[in-house]
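Chemist: Pasting in a structure now, in structure tokens, and then I'll have a few things to ask.
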Amino acid sequence: MAFIGAVKFLLQYLVLLCLLNYLPLSQGKQNWNEGYPFIRRASSLGYNGKSGGYDYIIVGGGTAGCPLAATLSQKFKVLLLERGGVPFNNPNVSFLHNFHITLADTSPTSASQYFISTDGVLNARGRVLGGGSSINAGFYTRADPRFIRKVGWDTKLVNESYPWVEKQIVHRPKFSDWQRAVRDGLLAAGVSPFNGFTYDHKYGTKVGGTIFDRFGRRHTAAELLASANPHKLTVLIHATVQNIVFDTTGKRPKATGVIFKDENGKQHEAYLGNDRQSEVIVSSGALGTPQLLLLSGIGPKAELQKLNIPVVLDNQFVGKGMADNPMNTIFVPSKRSVQQSLIETVGITNLGVYIETSSGFGQSKDSIHCHHGILSAEIGQLSTIPPKQRSQEAVKAYVKSKRDIPVEAFRGGFILSKVANPWSTGELKLKNTNVEDNPAVTFNYFSHPYDLRRCVEGIRLAIKVVQSEHVTNYTLCERETAEKMLNLSVKANINLIPKRPNDTKSVEQFCRDSVITIWHYHGGCHVGKVVNSEHKVLGVDRLRVVDGSTFSESPGTNPQATVMMMGRYMGLKILRDRLGKLAGI
């Protein structure tokens, strides 16, 4: 049974190091630009490689970058640069049944770029138009109103921006029997009241929205580009920005443009127009944005000089305050065949934890065939391999010898416990000057005792949910002891953290040993330290950051709703600040 748990969880939730036959560079079928005539390959700039006169250059066509570009293009000439391809018509991105496949794809053209934090936790970042919304579990729920007040946003404008997103790409989930059983289990465990279907963040149990429609098709932030002015927006895909260009002849450095490479490796330059209000806006995510600032010469002087990066601005806070919401799971075996479902219901507790669930496994006939690599518990979770031997070669050697996995392994589900607003923080540092390589990231999971206490409370609550009659009646399994559930689950949560022999005796040790991610990492460019309240980079002109790297906590139970809203919100705010009543939107 532990084998079954390990198989199912990794397929759906971790970046798997496996071998794949993958799609060509377009990351989708060749008619990807239908309906989006402004989306072109980066190489389309032509032989001279120069393009200029833009009012805004946005680096990163992700969850925030797409709605931001769509909004700014209503009045201004915008260039959006995305290092990945398009999500359209790629079955591994577009369909719920293939959710795990993109996360499993470690090829250079994958929509997901895997990384492993120095803590030993496997993770992923988006590398595709739409960003994280193209590879996540799809759950849509708004931020706690407290978060909106904390960051100082205009509540009226926020309440205009959320519906703009929701009307275009958000749906009501079909709500599977598994999700219903867990919902009832949450209520029985005291996570009440039941707030029904709502986007709002309310204490108790609720059903939230999803970006998967009733046919199981994903609708990403990239589709928000359909609201753009096609005459003022240019989107270049496979455009990997190398660094931001600055004019340093004045009293303050001033961003003037960017240098990027196309899919053929050819270098290009894009420049802003002469208007002093024109800006480069970085929306590359919590890893990509601080990484790009560092590569461009904004960051701790000593760290930049070690890599021979010319210092534009000495700022000790770039890359600092990185946090990731630790997640631990309880594996729930089932004798009943379980329909695949991703996150649809959530328990918002007063314990500082959120409880969610997923179930089943699926794969469509037109998805990419994948040999599922290291996910079997038979490998001993890689933790039996000494740290110095945990190499790509070791993983590939295992992948080569791994036999195919039986369909019977994909029964059951998981109860997920996520610590809200972790107090443990870490940092991001460059390994080298290659923007395509992941930086070194440390999150320091559970280094603060408050996070560990909340994890313990969350696991105890998750066990109560699994032991409820609502869940056992559905799974047709007997009520198991807490120790047996932890024993099953610790083998099903794969990371590179060495396991202790008493990890099922101590819930605290279970939390430490089985910690994984739910991809809600944030920070690195905090407001007041790297950017001001308007998200303009401190000490530099014509440079702004709009993404989750500015957050000191992840908004709500799942952040994508607020990150998409943020793109729309900041776009409207920029237009209204610059044009006043002439903005007209």
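All residue numbers here begin at 1 and follow the chain in the order shown.
The backbone N, Cα and C atoms fix where each Cβ goes, and this holds for glycine too.
TrEMBL annotations: computationally assigned, not manually curated.
Dumping what TrEMBL says about this protein:
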- E82, R83, V128, V241, W519, H520, G548, P559, Q560: FAD binding site (BINDING)
- C455-C511: disulfide bond (DISULFID)
- 285-299: domain 'Glucose-methanol-choline oxidoreductase N-terminal' (DOMAIN)
- 1-28: signal peptide (SIGNAL)
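Describe each of these features in terms of where it is and what it packs against.
Modeler: The Cβ neighbour count for Q560 (FAD binding site), using a 10 Å radius over every protein chain in view, is 27.
Here the Cβ of C511 (disulfide bond) has 24 other Cβ atoms within 10 Å, regardless of which shown protein chain they belong to.
For the domain 'Glucose-methanol-choline oxidoreductase N-terminal' (285-299), the residues of the chain that approach it from at least six positions outside its boundaries are 59-60, 62-63, 115, 125-126, 131-132, 241-244, 246, 309-315, 318-319, 322, 428, 430, 433, 435, 438-439, 441, 521-525, 530, 537, 540, 545, 547-549, 551, judged by C-beta separation under 8 angstroms.
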Chemist: Please report how many Å separate the Cα atom of E82 (FAD binding site) from that of C455 (disulfide bond), as a whole number.
Modeler: 36
Chemist: Could you please provide the mean pLDDT value for the domain 'Glucose-methanol-choline oxidoreductase N-terminal' (285-299)?
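Modeler: Its mean pLDDT is 98.
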Chemist: Restricting to the same chain and to sequence separations of six or more, state which residues have a Cβ under 8 Å from that of G548 (FAD binding site).
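Modeler: A64, G285, A286, H522, S554, P559, V563 - these are the non-local Cβ neighbours of G548 (FAD binding site), listed in sequence order.
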Chemist: Tell me the Cβ contacts of C455 (disulfide bond) under 8 Å, same chain only and six or more apart in sequence, or just say none.
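Modeler: Long-range Cβ contacts: P326, N328, V353, S417, V419, F446, V507, E508, C511, V515.
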Chemist: So for W519 (FAD binding site), how many other CB atoms are inside 10 Å of its CB?
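Modeler: 25, counting other Cβ atoms within 10 Å of W519 (FAD binding site).
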